[in-house]
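**Student:** If you scroll down you'll find the structure; I have some questions about it.
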Amino acid sequence: MRQLLAFVLLLLGAALPASVRAETGYDLWLRYQPVEAQWRDRYAALVTQVTAAGGTTMLVAAGELRRGVAGMLGYDPVRRETVIGDGAVVLGTAQSPLIAPLGLPLAKLGREGYLIRSAAIGGKRVTVIAGNAEIGVLYGVFRFLKLIQTRQSLDDLDISDAPRLAVRVLNHWDNLDRYVERGYAGQSIWDWQKLPGHKDSRYTDYARANASIGINGTVLTNVNANADVLRPEWLARVKALAEVFRPYGIKVYLTARFSAPIELGGLKTADPLDPQVARWWKDKVDEIYRAIPDFGGFLVKANSEGQPGPSDYKRTHAEGANMLADALAPHKGVLMWRAFVYAAENPDDRHKQAYTEFQPLDGKFRDNVLVQVKNGAIDFQPREPFHPLFGAMPKTPLMMEVQITKEYLGFATHLAYLGPLWEEALQADTFRPGKGSTVAKVLESGAATGMAGVANIGSDVNWSGSQFDQANWYAFGRFAWDPQAKAEPIARDWAAMTWGNDPAVTGPIVRMMMESREAVVDYMTPLGLGHLMATGHHYGPGPWIADLARPEWNPVYYHKADARGIGFDRTATGTNAVGQYAPEVAARFGDRKRVPEQFLLWFHHVPWDYRTRSGWTLWDELIVRYDRGVAAVEAMQAAWKPLAGKVDARRWEEVRDFLAIQRDEAGWWRDASIAYFQSVSKRPLPAGHAAPAHDLDWYKAIRTPYAPGNGK
Ligand code: BDP
């Protein structure tokens, strides 16, 4: 009898309670699980059939709708007959015969926008999902499915949306041997060895996931990659991937190693002003477009961390970029040129170097160049002030680059939702040209616009190395679509789609997510500290490291702790990095009393007994923050525990285990940091705060030689 029951339950798989169903996370936020009975009938009445005609993207859109409805409502809405009935969902572009007569206000939505509207066609009550192009329809379908996934009403719909940025790209730091630099989710998903003969079905799921959040481009190769991907045999593989992605509105881009004309072309130079070099690139670009007519363009890391570039020939970044841009322009390709430059030989504050180099080049770049600027001036830290270049190059399109993969935030095992970090950067007021000129507005105002996210995607079954890291991929897409977006509603959407709609589940999950990034800041780099991670792999604390060749490789360069105090003086009495910001911002950051406390030590060297706003001494405040960070991780553990049985066991257990790892490592960060800073400050810990478990030498002796993502 029991066996029979088990068998029946197996047959009814979809109806099993969540706690019993094992999920891997492969389905991401597109799980399409059955909706509760009370919703099912309401939805089913409004999704009786799907009507669509068009090209491959329209087919994909209809296919996704069928898939979602099959999963969530339990039937296939496809009807062969063309007669429209009540409850039909009509997909089409502005020109579709069923849609054109409705005179929908599509014109202002651009090529990628969409409109979802409850309407009447031939006296029947229908829902129209329309765009100017088929890709808009696909985006609209994902939005429509999200309404069901998040249990919204489908009655009286009138939704229209369009992306606010044009180029919304993932940057994969993937090498051709499938090694992912700063990758914590396994190998590269690009299985080059089997391409172009075999196209893994995973490429399609990757494209679906990206299209569902509006990502429309992917740079397949690492910014530090060699030039090999530009060889004909590799371009054939790139072409195969481009074909998979095309129906999903995703363009393929490649990194272009600046010295490729030497390495592949046999030229003696890669000087951008040498006509032979320009010719080589033009021919190479033409060759790429013959294979991939909608190729997106190039991403270039030049004269940065040892990469070749125009400065090798005493040319400017603009001269280098423009030469490549000219090769791409006839094909409408874009060039993303990174502003992440700093030089070993340059003794100036690393914070200042990109601005110093790029700001004078404002207006000197071709129209199809986007200068790609990291959110902060140093390097993807848990918290950084916004990059001073935002707002400072009004004549140059700037795109913002963020890191989705958590190189400096505990890799895949630390739960850190990055939505709040990105919102903070995007909402920062540059005061250029005036008050209210947020970074988001700067991004939107360019003649060309975009946002790039360094991907956290790999061959792990859950794609991102952890369940919660999927939220960062998801949130990146949402912010690139709308830089004015807010982190919390994005977290709510993701949580509902990924873990189910029970408020007893989503409530705690969203709270965990919203507090998680601040927890990491507190236990790693409180009060504006930064770059204290151990050398190279950036895994775990190394604030004592002081013996590396280049000054800015050493954490001591960033915190400057001494007997007197701690912090980097970037005011006028120090490096005057504040001078690179608009005067209003400089005045605030430069004044110890006015600087947001979260940036205090980023801009100021502050005595240990300085009184913070809470009335503590700086030293005590630091300790309080470290402990607050650890306590926040414990609070996440406590919040997760009661969700056992409310979500599937397999994912629940993975999260439980990762939170335990995070708790241990938060403690490690706290203890090691306090042990070290105490050796400098020589101060006692405030009452009620425990001494580190071990002495400083114990922490210094910890080695993690095989930490992932750090080259080979
Ligand atoms: C740093 C990474 C390094 C990248 C570099 C970059 O440690 O692996 O190559 O950024 O953005 O954060 O180019």
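The backbone N, Cα and C atoms fix where each Cβ goes, glycine too.
No curator has checked TrEMBL annotations; they are predicted automatically.
TrEMBL lists these features:
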ACT_SITE  E305  active site, proton donor
ACT_SITE  D379  active site, proton acceptor
ACT_SITE  E407  active site, proton acceptor
DOMAIN    28-144  domain 'Alpha glucuronidase N-terminal'
DOMAIN    148-463  domain 'Glycosyl hydrolase family 67 catalytic'
DOMAIN    465-688  domain 'Glycosyl hydrolase family 67 C-terminal'
SIGNAL    1-22  signal peptide
**Student:** Between E305, D379, E407, which of the active-site residues has its C-beta surrounded by the fewest other C-beta atoms within 10 Å?
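**Tutor:** Counting other Cβ atoms within 10 Å of each of the active-site residues E305, D379, E407, the minimum falls on E305.
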**Student:** Could you pull the average pLDDT for the domain 'Glycosyl hydrolase family 67 catalytic' (148-463)?
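**Tutor:** Averaging the confidence scores along the domain 'Glycosyl hydrolase family 67 catalytic' (148-463) gives 98.
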**Student:** Roughly how many Å lie between the Cα atoms of D379 (active site, proton acceptor) and E305 (active site, proton donor), rounded to a whole value?
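**Tutor:** The separation of the Cα atoms works out to 12 Å.
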**Student:** What whole-number Å value do you get for the CA-CA distance of E407 (active site, proton acceptor) and E305 (active site, proton donor)?
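**Tutor:** With distance taken Cα to Cα, E305 (active site, proton donor) is 17 Å from E407 (active site, proton acceptor).
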**Student:** Going by DSSP assignments with H, G and I as helix and E and B as strand, what are the residue counts for the domain 'Alpha glucuronidase N-terminal' (28-144)?
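**Tutor:** Counting residues by DSSP class gives 45 helix, 27 strand, 45 coil.
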